[in-house]
Amino acid sequence: MSDPWHDFRLNPQIRPLQYSLTLRIDTKNNVFNGSVEMEVIAHKEVDYFVIHCGDNLTITDTRVYMNGTGDQLSIKQFLHYKPFEYFVIQLAKKSASNAYRLSFDFTSKIEINTNIGLYKASQSIGNTTTGVITTQFEPTRARNVFPCFDEPVFKSQFDLTLIHESIMNTTLTNMPTIDIHPDTPAPGWTTTTYKRTDPMPTYLLAIIVSDYVCHNASAQGHDYDIKVCSNHEVVSKLGYATQIAAKPLTMYEEYLGVKYSLPKLDLVTIPNFAGGMENWGLVITNEKSLLWTPDEYTSANKMFIAREVAHEFAHMWFGDLITCHFWDHLWLNEGFAEFMSYYGIDYIEPSWNY
């Protein structure tokens, strides 16, 4: 039997159920650190745990517990297998099929304008260049931010807490905020906790730490909140996106007979973002995909916004609610989202005969 870290795919007999993730994001020094505790179920005896961990991530502490009893298990060794970006834990002795908790502390740098993992996107506000923290995890960059089972087949729930500078007073993730503690853990810092997510793969987790402004785009008949957000400099150009945001959701719910299942949906523009990303409950796009005024932009720009909103919102069903087993079937996500977007655009602007 070969070593388990030589298999390109993770062991399907060991599956994550839930992550408790805390991140402290320092935008001044461009570093982040955090901790994650994941509940996993092993469907057979286990002597190794193999998970993903990006080369950029430094793991400073590793522990394994038996779930339920809380007994800590002895670790024989651990290693970072770089060819597949694996972090491997070998137990001191084989353990029975059971539920376990894997606990890690870690640290890393915040990169600038990479469109990968958790990074800082530069933005110009007047004569000043500032930055907004955002994420791009698809396809395999959640592992750059925390150790995880970074394959789409592994759906889990996430409990997320962000520790951030208080001046960055608009923090967004997949779910609504449930608790905010100013001046915690120190003056000038805020600790924000979010509602637990529905089961989803790691690549759909998303984070924004910013001072953005959000417009309400909710509509009658929707029992969830819809917001459209940007930085202060361009917020006046969100009018059209705010006006149309709820429309494709109404159409998809009627056509598919399945309600959008989360309590909120945010649509956020990030400078120089690479295209659009259908994070469940927090769609991120570039400025071309959301900003429009009749004096500055063409009708073609307006059509592009309608298409982008319709396409990314279709992913809330095709890709997010229902997710492909692995990346070789990504064409199903994109194919169905693109197909449905034509219905969405026609509902947004019937006169276009799109």
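Even glycines carry a Cβ here, placed using N, Cα and C.
Copied over from TrEMBL:
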ACT_SITE  GLU312  active site, proton acceptor
BINDING   HIS311, HIS315, GLU334  Zn(2+) binding site
DOMAIN    16-204  domain 'Aminopeptidase N-like N-terminal'
DOMAIN    240-353  domain 'Peptidase M1 membrane alanine aminopeptidase'
In the chain carrying HIS311 (Zn(2+) binding site), residues 6 or more apart in sequence that have Cβ under 8 angstroms from it: GLY276, ALA337, GLU338, SER341, GLY344
Under 8 Å by Cβ from HIS315 (Zn(2+) binding site), counting only residues of that chain that are 6 or more apart: GLU278, ASN333, ALA337
Neighbours of HIS311, HIS315, GLU334 excl. site residues, C-beta within 8 Å of centre, Zn(2+): GLY276, GLU278, GLU312, ALA314, PHE318, GLY319, ASN333, PHE336, ALA337, GLU338, SER341
Pairwise CA distance, the residue listed as 'active site, proton acceptor' versus GLU334 (Zn(2+) binding site), rounded so that it is a whole Å: 10
Whole-number mean of pLDDT values that fall within the domain 'Aminopeptidase N-like N-terminal' (16-204): 96
Site with most surrounding Cβ atoms, counting all protein chains shown within 10 Å, from the recorded positions GLU312, GLU334: GLU312
DSSP-assigned states of the domain 'Peptidase M1 membrane alanine aminopeptidase' (240-353) in counts, ordered helix, strand, coil: 60 helix, 14 strand, 40 coil
